[in-house]
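> What follows is a structure written as structure tokens; I'll ask about it next.
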Amino acid sequence: MFHRLWTLIRKELQSLLREPQTRAILILPVLIQVILFPFAATLEVTNATIAIYDEDNGEHSVELTQRFARASAFTHVLLLKSPQEIRPTIDTQKALLLVRFPADFSRKLDTFQTAPLQLILDGRNSNSAQIAANYLQQIVKNYQQELLEGKPKPNNSELVVRNWYNPNLDYKWFVVPSLIAMITTIGVMIVTSLSVAREREQGTLDQLLVSPLTTWQIFIGKAVPALIVATFQATIVLAIGIWAYQIPFAGSLALFYFTMVIYGLSLVGFGLLISSLCSTQQQAFIGVFVFMMPAILLSGYVSPVENMPVWLQNLTWINPIRHFTDITKQIYLKDASLDIVWNSLWPLLVITATTGSAAYAMFRRKVM
């Protein structure tokens with residue numbers, strides 16, 4: 001029995017890796033994505049342009065302008081000469097945001113009065129503008145604290161911020177663990193969804209059906225190669241993250257690969273379900289992308305799940321990518337134990353049992 005199963009698994013791997021183009025498809029996209037995504041898919045604001053309209057030209061407004069210019073988020077500073085330039089600057093997207101110093105700004109600061117600043121953001125790029133505004137607020141806050149040194153303070157408390165699990169708040173530390181889930185999802189879904197459709201197109205499905213193999217053996221034989229491919233791709237991303245991006249892996253490799261197998265099995269159910277419903281590889285390929293786009297959007301990678309409407313948050317519970325993304329980040333960055341990741345692991349087990357049973361039933365009805 002196991003010899004037959006191993007023969008089928010080996011046959012699936014050989015048919016998958018026979019052509020150089022197929023091997024390249026399984027490796028090159030992984031390398032390209034893990035190199036490009038940490039730099040391109042980031043919410044950090046860099047190389048932005050800030051506009052300054054200074055009606056004060058006093059000591060404090062000039063000092064703050066210089067500090068804004070030295071910030072790493074802003075590489076260009078536009079100094080406006082009249083209020084008439086404000087609207088065209090924002091309308092033509094010459095600047096992401098604009099700071100306006102009133103005429104009495106420095107005088108009020110020297111007399112310890114409240115000195116307001118006007119900050120105008122480009123709402124067409126609301127996310128980046130809001131992040132840049134937070135940078136400016138931090139700069140202003142730090143300058144305010146410097147002015148208060150040696151002066152009577154309302155209290156003696158001080159807020160000390162420590163960033164756990166990502167000390168430098170490097171966005172790559174968020175992207176790379178999430179990429180493990182994204183890339184392995186694509187690998188598993190493509191391998192499993194195209195497997196049965198490829199057999200139909202090549203005319204080898206009938207030969208497989210008349211073989212001594214049982215239904216569950218064929219089912220497992222189609223699933224195991226996808227798990228092997230997913231594990232291999234995850235290992236590539238993990239190695240690049242550790243040695244190329246210097247992101248330390250804090251957790252247990254055994255726990256990581258255990259949850260990786262559970263996650264792969266949950267995706268195998270989706271993939272074989274798509275493969276059983278499709279007659280051609282083209283249909284299966286389209287089915288994969290119909291699944292992938294909503295799954296990625298609802299995974300918490302693009303935007304936090306907590307920011308979604310409640311009904312959409314409830315819908316994300318059936319999305320395996322959401323749970324494995326949480327598991328990967330907790331194991332990778334936090335050295336989480338099985339007790340901690342269990343809250344995300346048990347939904348994966350439920351999804352695995354549900355999709356696996358549905359795919360097996362559909363596989364028997366449509367294929368056998």
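Note that Cβ sites are derived from N, Cα and C of the backbone, with glycine treated the same way.
According to Swiss-Prot, the domain 'ABC transmembrane type-2' annotation covers 129-366. Residues annotated as topological domain 'Cytoplasmic' in Swiss-Prot: 1-24, 195-222, 275-284, 361-368. As annotated by Swiss-Prot, topological domain 'Periplasmic' applies to 46-173, 244-253, 306-339, with the evidence given as a curator's inference. The transmembrane segment feature in Swiss-Prot is assigned to 25-45, 174-194, 223-243, 254-274, 285-305, 340-360; the stated evidence is sequence analysis.
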> Can you work out which residues elsewhere in the same chain, 6+ from the ends of the transmembrane segment (25-45), have a Cβ less than 8 Å from its Cβ atoms?
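Same-chain contacts beyond the ends: 16-17, 73, 96, 127-128, 131-132, 135, 171-172, 175-176, 179, 182-183, 186-187, 229, 232-233, 236-237, 240-241, 245.
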> Sequence-remote contacts (6 or more beyond its ends) of the topological domain 'Cytoplasmic' (275-284), Cβ cut-off under 8 Å?
192-198, 200-201, 222, 359, 362-363, 366-367
> Counting only CB pairs under 8 A, let me know which of 223-243, 254-274, 285-305, 340-360 has the most with the transmembrane segment (174-194).
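If we count Cβ pairs closer than 8 Å to the transmembrane segment (174-194), 223-243 scores highest.
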> When secondary structure is assigned with DSSP, how many helix, strand and coil residues does the topological domain 'Periplasmic' (244-253) contain?
2 helix, 0 strand, 8 coil
> Residue list, the topological domain 'Cytoplasmic' (1-24) vs rest of chain: Cβ under 8 Å, 6 or more residues beyond ends.
191, 195, 198, 212-213, 217-218, 220-222, 224-225, 228-229
